[in-house]
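Some notes on the structure that comes next.
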Amino acid sequence: MFAEVALNIPLDRTFIYRVPEKASSKPQLGKRVIVPFGKSDFLKTGIIVSLKEKIEDINETYIKEIFDIPDNFSLFTENNIELAREIAKRYASSLGEVLFLFLPSGFVIEETSYIYLKREDHVKGKIEKQIVDYLKKKKGKVKLISLSRAIKGKSVYSTVKNLIRKGIVGKEEDITYTLLPTQKFAVLNEIKPVKGKKEIKALEILKSAKELPVKTLKEMGISYDTIKRLSAKGIIRIEEREHLVNVKKQALTDNRKIILTANQKKALNEIMTSKDETFLLYGVTGSGKMEVYLHAALETVKRGKSVLILVPELLLTPELRARVENYFGENIVVFHSKLSKKELVSQWLKAVKGKSKVFMGTRMSLMLPIKDLGLIIVDEEQDTSYKEQQKPLYHAREMAVKRGNIEKCPVILVSATPSVESYYRASIGKYKALELKKRISNIPLPYIKVVDLKEEKRVGIFSESLISAIKNTVKKGEQVLLFINRRGFFSSGFCPKCGFVAECEDCAVPLVYHKNMNKLICHICGKKYSPIYRCPECGTKLEFKGYGTERVEEEVKVLFPEFRTIRLDQDSVRNPTKGAKLISDIKNGKYDIIVGTQIASKGHNFPKLTLVAVLMADTGYLLPDFRSAERTFQTIVHTTGRAGRFKPGAAIVQAFDPENPAVKYAAEYKFDLFYKEEIEAREIFNYPPFSYPVVLEFQIEKTSKFRKVEDKFNILKEKIKPYFNVPPLNPAPIPKISGRYRFITFMRAANENDLLKGVDILKKEMPILFRGIRYKIDVDPVYLL
């Protein structure tokens with residue numbers, strides 16, 4: 001028998017291996033295998049993606065044999081592999097790259113090479129002598145990686161190979177298969193007389209329990225030395241068992257019991273009578289969308305099926321988890337990037353072994369090997385966080401719909417402000433629209449006042465209307481959220497005399513001053529610089545301008561020193577546990593004023609929050625991106641919708657252009673009018689959803705290399721012209737990142753069939769044409785910067 005194996009390499013192909021007659025376990029689709037690869041037969045982890053009895057067009061004598069099949073279970077289902085093929089095809093990746101992007105790294109073998117000295121004769125050359133002397137000094141086996149660090153030089157590895165070939169040096173491999181979570185158990189064998197007090201105590205405990213985790217015995221005052229002595233006497237045996245660890249629960253709880261309204265019941269009934277439709281569940285903030293999809297999840301589980309809930313942000317997971325546990329208890333699988341290796345392996349194995357029916361997490365949860373999947377939910381479907389930024393650059397929302405098609409189960413896309421693409425698909429009948437028009441409570445939507453920042457008097461960024469509203473709100477014992485979508489203190493520093501701007505030396509963007517750290521930070525590459533106060537060109541004192549959350553927080557404390565103020569942004573919630581604690585404190589009324597970025601505006605329900613202010617609502621509208629109006633509209637609606645969830649509230653939207661359609665329609669809750677204008681503009685310019693976009697990006701170290709890239713691009717252009725509209729290459733809006741100059745083209749296919757054909761050509765041609773040049777193929781891009 002032969003196995004088709006996918007490896008984590010960028011080559012768009014799989015590899016055929018012979019299945020050994022005596023393997024550790026039976027070969028199966030989706031199982032992990034250890035295979036020799038390349039000329040040196042370096043061992044790599046692979047996934048079986050098909051099995052064949054015979055191989056045509058390949059000389060079987062050249063086919064290598066699988067080294068091992070270590071597991072008695074599959075890490076991916078057949079449907080997973082089908083989905084991975086779809087992702088690879090659409091997003092210009094290899095099947096192996098897709099599978100290993102999702103698979104926790106704890107499943108990838110770690111091969112450690114050791115070398116040792118066998119004899120000392122026939123040593124030639126400086127490097128050979130250095131290696132032999134190093135091994136003599138160390139006396140025994142040495143890690144090859146340690147040797148390479150100790151002896152500098154490009155030829156160390158090739159010299160070691162030569163020494164092995166001459167028999168001077170020997171080599172051994174040590175393989176770690178899985179970071180499998182285990183736990184030691186003390187199990188009672190037979191009762192014998194013991195003398196020591198600690199041994200007597202341990203025996204009495206085990207007489208009653210029969211077996212206990214060693215960790216539990218330690219907590220009861222029994223040392224491991226005592227346990228080992230009892231084991232040596234044959235009274236107990238120590239067993240190491242698989243132990244799938246649970247993800248630590250955060251500080252939030254939610255015990256509300258919700259009774260659905262007639263509208264919610266109607267939406268729920270539509271979902272539960274469907275077999276494999278995609279639904280767009282949308283409505284005003286507070287209209288009870290979450291209650292509908294959680295009831296749908298509950299009904300699905302009652303039918304014996306499993307549920308996958310995707311959320312865009314890590315910080316939303318604890319709050320949603322509290323709601324989900326209220327419905328399903330604590331036996332749910334939570335999956336996101338901040339978990340440890342052991343936790344990720346444990347959660348993945350819970351899916352493999354069917355230990356749970358409810359799975360939730362960020363986009364990386366998309367490929368969890370869930371058995372009997374009956375429902376997929378994509379919360380905040382419009383959120384850009386669903387787009388992966390590392391190859392493969394897949395869009396989790398689009399692929400969640402694809403997974404629903406493969407699994408033959410319903411998919412619910414949920415949003416208060418659906419993406420233009422999803423709303424359009426619902427309008428033409430591709431998705432089924434379910435609208436919740438009213439809040440479930442009798443509390444009205446917050447009244448939104450739009451303030452013209454050009455006209456109204458203000459103190460810094462605070463208009464007179466806002467200052468008055470903050471005072472009145474906090475005096476009533478209620479909370480205020482001040483939203484600004486930028487971290488830091490000042491957004492830029494410049495010279496008023498010569499025009500110098502403090503920029504990142506590696507990226508063509510202004511540095512942001514962070515007062516808490518007293519650093520200038522690049523928000524693109526993360527590089528930190530010591531602050532400068534005078535222009536390095538002319539010596540003039542620099543001026544700093546712009547607002548970030550730190551500056552807003554400081555000005556709030558000056559204006560309202562008697563009020564309790566907290567900042568809620570990426571800098572303040574890097575630790576998930578601390579983030580959950582901060583959210584809990586806000587809910588419990590520990591703070592009066594919250595200064596926050598989008599993290600504060602997504603999915604949180606703060607009972608005492610009755611005033612929300614969007615401080616600079618239309619700044620994002622100016623970005624050179626066809627989605628800038630849509631994002632501005634969504635930000636205003638989602639942020640102001642945090643106000644007045646439990647009692648009547650209000651919002652103030654400050655803007656430099658109050659007549660901007662995105663600002664105007666958001667303040668009036670007129671999604672239909674905004675959508676009508678936006679969809680008309682997109683049709684005129686052939687933007688999505690009327691086309692299928694791909695951005696090609698090239699990164700070069702010197703602008704002098706651009707001509708070479710452009711010449712090769714023109715060759716490529718001729719090959720893909722039948723499938724794409726292909727504009728010329730131009731500098732990207734952010735022309736330089738991490739020391740590399742960026743050039744992009746924004747291509748569009750007329751239909752999905754052309755898109756897939758064009759992407760197939762890009763996959764085949766670009767590695768050859770652009771060898772040695774860094775490039776990126778971004779299908780379904782969410783940003784054009």
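Glycine too: its Cβ is placed from the backbone N, Cα and C atoms.
Predicted, not measured: the structure shown is a model, and the values here were computed from it.
Features of the protein shown, as given by TrEMBL:
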type	residues	note
BINDING	CYS495, CYS498, CYS535, CYS538	Zn(2+) 1 binding site
BINDING	CYS504, CYS507, CYS522, CYS525	Zn(2+) 2 binding site
DOMAIN	270-436	domain 'Helicase ATP-binding'
DOMAIN	516-702	domain 'Helicase C-terminal'
For CYS525 (Zn(2+) 2 binding site), nearby residues of its own chain (Cβ under 8 Å, 6 or more apart in sequence): CYS504, ASP506, CYS507, ILE737, SER738
At the level of the C-alpha atoms, what whole-angstrom distance separates CYS538 (Zn(2+) 1 binding site) and CYS522 (Zn(2+) 2 binding site)? 23
Rounded Cα distance, in Å, between CYS498 (Zn(2+) 1 binding site) and CYS522 (Zn(2+) 2 binding site) is 22
Please work out the mean pLDDT for the residues of the domain 'Helicase C-terminal' (516-702). 93
Suppose we draw a 10 Å sphere around the Cβ of CYS535 (Zn(2+) 1 binding site). How many other Cβ atoms does it contain, all chains included? 21
Cβ atoms other than its own within 10 Å of the Cβ of CYS504 (Zn(2+) 2 binding site), all chains, total 24
Cα distance, CYS522 (Zn(2+) 2 binding site) to CYS495 (Zn(2+) 1 binding site), nearest Å? 18
Could you round the CA separation between CYS535 (Zn(2+) 1 binding site) and CYS522 (Zn(2+) 2 binding site) to a whole angstrom and send it over? 18
Shell of the Zn(2+) 2 site beyond CYS504, CYS507, CYS522, CYS525, same chain only (C-beta within 8 angstroms of their C-beta centre): GLU503, GLU505, ASP506, VAL509, LEU511, HIS523, ILE524, GLY526, LYS527, ILE737, SER738
Using an 8 Å cut-off from the Cβ centroid of CYS495, CYS498, CYS535, CYS538, can you name the remaining same-chain residues around the Zn(2+) 1 site, in sequence order? PRO496, LYS497, GLY499, PHE500, PRO536, GLU537, GLY539, THR540, LEU542
Work through the binding-site residues one by one (CYS495, CYS498, CYS507, CYS522) and point out the residue whose CB has the fewest other CB atoms within 10 angstroms. CYS498
